[in-house]
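Positions annotated as active site by TrEMBL: HIS164, GLU273. Taken from TrEMBL, the feature substrate binding site applies to ARG56, GLN77, ARG82.
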Amino acid sequence: MPVDTTTSPDKVVLSIGTTSAEIYYYGATVTSWKLNGDERLFVSKSAVLDGTKAIRGGIPLVFPQFGKSDHTPKLPQHGFARTTRWRWLGVSADTASEISVRFALGNADVDPALLEAWAEAQPGKVVPAFQATYTVALGPTTLKSHLAIQNTGTAPWDFTALLHTYLAVGAIGDVSVTGLQGVRYVDKVADGAEATETRESITVDGEVDRVYVDVKTSPSTRLAVVEKTPGRPTVSVHRSALPDVVVWNPWTEKARAMGDFDDDEYRTMICVEAGHVATPYTLPAGETWTASQTLAV
Ligand SMILES: O=P(O)(O)OC[C@H]1O[C@H](O)[C@H](O)[C@@H](O)[C@@H]1O
């Protein structure tokens, strides 16, 4: 299969046969995954792509903090990884069935004020020393995101991380998410109330913002976005070391409130976000945490 990588000042484009992906250096955000010309990721028509704001769509990388925290009031929502330009490390594998590329982010790449803000939540308020490597691998029907975060310092530190995947859908009313039945969740729309998911297939008919905690799946309960619309294949989400899953659709009111999201776009997207967010991960000095997600059609 013909394999290709093209770089430009803003992004890298990968292709393998009729499948392609595009990744911005800003945030190392994957902004496109096309199979036979069909776009599977959602990016808002109003997304800001000039590196002044997190990209509204694709797969923004959330690190070192999911959401907002009272401990780190100066650290922006979802941390700094999605709003910092990553270093391009080049192509790491290039075979007939897979092409992968790598990006890096370390302390020297990040605004010192943001590192100081992160330090507020750490023991002794010490700035964590870290090195992150992000690998994106494209196969004929798969897109893999692999994140490795190393503690390069001498003391342990905490973080949360998440792959904020926006999937494109034909019509939200025809969509269901499977693989979450029986899982406890925190309902952010209901002031953080906790409940257990009873449905085998989750449908969306209003604002949804739930953190499903410690989601265990098996081949018979796979995490997937299933569409009734003819011709739209199921997208499965396979995870490693990302126990929690956030399901988000802003619906009408929140859509109107976002400047970089069109009023009616809630109809054509759903976020299914794999992360380690329900509890922080403590990374001992010198150690590396690795996690990955594979989207498969
Ligand atoms: O607007 P953003 O900072 O990109 O966040 C978008 C959304 O991300 C996650 O899905 C959160 O659970 C939501 O509460 C949040 O609204």
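Here the Cβ of each residue, glycine as well, is placed from N, Cα and C on the backbone.
Every protein chain shown contributes to the tally, and the Cβ of ARG56 (substrate binding site) ends up with 23 other Cβ atoms within 10 Å.
Only GLN77, of the binding-site residues ARG56, GLN77, ARG82, place a Cβ under 6 Å from an atom of ligand 1. HIS164 (active site) falls outside any helix or strand according to DSSP and counts as coil.
Farthest C-alpha pair in the substrate-binding residues ARG56, GLN77, ARG82: 14 Å apart.
Counting neighbouring Cβ atoms within 10 Å of each of the recorded positions (GLN77, ARG82, HIS164, GLU273), the lowest count belongs to GLN77. The record gives ARG56, GLN77, ARG82 for substrate. Within 8 Å of the mean position of their Cβ atoms, the other Cβ atoms in that chain belong to LYS53, ALA54, ILE55, PRO60, VAL62, HIS78, THR83, HIS164. Looking only at Cα atoms, HIS164 (active site) sits nearest to GLU273 among the recorded positions GLN77, ARG82, GLU273.
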